[in-house]
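**Q** Let me begin by handing over the structure; questions about it come next.
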Amino acid sequence: MGTDNQTWVSEFILLGLSSDWDTRVSLFVLFLVMYVVTVLGNCLIVLLIRLDSRLHTPMYFFLTNLSLVDVSYATSVVPQLLAHFLAEHKAIPFQSCAAQLFFSLALGGIEFVLLAVMAYDRYVAVCDALRYSAIMHGGLCARLAITSWVSGFISSPVQTAITFQLPMCRNKFIDHISCELLAVVRLACVDTSSNEVTIMVSSIVLLMTPFCLVLLSYIQIISTILKIQSREGRKKAFHTCASHLTVVALCYGVAIFTYIQPHSSPSVLQEKLFSVFYAILTPMLNPMIYSLRNKEVKGAWQKLLWKFSGLTSKLAT
């Protein structure tokens with residue numbers, strides 16, 4: 001293959017979801033509202049946990065980390081997507097595309113590991129409740145959170161580097177909403193088997209391994225719940241895990257379907273829809289899931305609103 005055919009591109013063109021102007025404007029309004037709700041919801045969860053001493057527990061410490069990851073992931077994708085909805089020239093510089101891929105891979109990896117850590121926390125809370133405080137002490141929680149963040153940022157630069165060293169042969173049109181891994185790899189004009197193997201290995205390490213740990217944790221949790229004699233006790237134990245289990249199903253389900261088998265990957269349209277779901281819907285839904293299904297969080301919201309209304313009344317008088 002000639003050198004001329006392997007010319008590096010300086011920018012990419014993201015084809016996005018639609019070329020129709022009216023559709024793009026409608027999507028801009030919809031995604032802008034969803035992004036604002038995502039940022040506000042996750043930031044309010046972090047603020048609520050910070051302000052309410054009753055929520056200063058390992059579970060909510062990890063939830064704080066999850067909210068930070070969610071809002072960061074959405075921010076790595078959505079602002080650029082919104083700008084391109086209204087732009088005629090949907091270009092993204094090479095460096096910006098690489099940075100977007102780096103952060104999306106890193107934050108995705110962090111989330112998968114963090115969800116496994118949260119499953120372990122729920123396992124200890126249900127299966128070893130008497131020793132919960134002794135096991136899940138502050139030092140261990142901090143180390144588990146740091147491990148989650150480090151694991152994502154270790155694998156991401158490797159995956160990003162081997163992806164963007166592929167010759168693109170002047171092919172700069174990315175048929176996606178962002179610089180997503182599989183979409184960028186498809187631009188290469190050389191054999192990408194080694195990249196697909198790397199994607200598979202990375203998926204096993206950062207996706208399937210945490211997922212298996214989650215499954216093992218919940219097998220033990222369910223086994224313990226079934227041994228509880230009282231119906232009220234079983235109900236309380238189940239509600240302890242319900243919110244996390246819902247989030248696990250949302251996050252792992254989409255990622256496994258997209259990445260675990262590159263050779264039989266979904267269609268381009270499905271990939272775009274999965275990316276929208278993962279980058280916008282999931283971060284927006286997570287705070288709602290934890291708020292609506294958790295009595296402690298709902299109680300903290302009521303307490304905060306009561307304080308806020310009291311402060312407003314004082315200022316008004």
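In case you wondered, yes, glycine gets a Cβ from its N, Cα and C as well.
So Swiss-Prot has the following annotated:
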TOPO_DOM  1-24  topological domain 'Extracellular'
TRANSMEM  25-48  transmembrane segment
TOPO_DOM  49-57  topological domain 'Cytoplasmic'
TRANSMEM  58-79  transmembrane segment
TOPO_DOM  80-100  topological domain 'Extracellular'
DISULFID  Cys97-Cys189  disulfide bond
TRANSMEM  101-120  transmembrane segment
TOPO_DOM  121-139  topological domain 'Cytoplasmic'
TRANSMEM  140-160  transmembrane segment
TOPO_DOM  161-200  topological domain 'Extracellular'
TRANSMEM  201-222  transmembrane segment
TOPO_DOM  223-236  topological domain 'Cytoplasmic'
TRANSMEM  237-261  transmembrane segment
TOPO_DOM  262-272  topological domain 'Extracellular'
TRANSMEM  273-292  transmembrane segment
TOPO_DOM  293-317  topological domain 'Cytoplasmic'
**Q** If you count, for each of the disulfide-bonded residues Cys97, Cys189, the other Cβ atoms lying within 10 Å of its Cβ, which residue has the minimum?
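**A** If we count Cβ atoms within 10 Å for the disulfide-bonded residues Cys97, Cys189, the smallest count is at Cys189.
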**Q** Based on Cβ pairs under 8 Å, which of the stretches 25-48, 101-120, 237-261, 273-292 lies most in contact with the transmembrane segment (201-222)?
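**A** The stretch with the most close Cβ contacts to the transmembrane segment (201-222) is 101-120.
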**Q** Mind tallying the topological domain 'Extracellular' (80-100) by DSSP state, helix then strand then coil?
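**A** Within the topological domain 'Extracellular' (80-100) the tally stands at 13 helix, 3 strand, 5 coil.
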**Q** Using Cβ atoms and a strict cutoff of less than 8 Å, what residues sit near the transmembrane segment (101-120) while being 6 or more residues removed from its termini?
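**A** Cβ under 8 Å, 6 or more out: 59, 62-63, 65-66, 69-70, 72-73, 76-77, 144-145, 147-149, 151-153, 155-157, 159-160, 163-164, 178-181, 184, 206-207, 209-211, 213-214, 217-218, 244, 247-248, 251-252, 255, 278-279.
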**Q** Per DSSP, what is the residue count of the topological domain 'Cytoplasmic' (223-236) in each of helix, strand and coil?
**A** 11 helix, 0 strand, 3 coil
**Q** When secondary structure is assigned with DSSP, how many helix, strand and coil residues does the topological domain 'Cytoplasmic' (49-57) contain?
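**A** The breakdown for the topological domain 'Cytoplasmic' (49-57) reads 6 helix, 0 strand, 3 coil.
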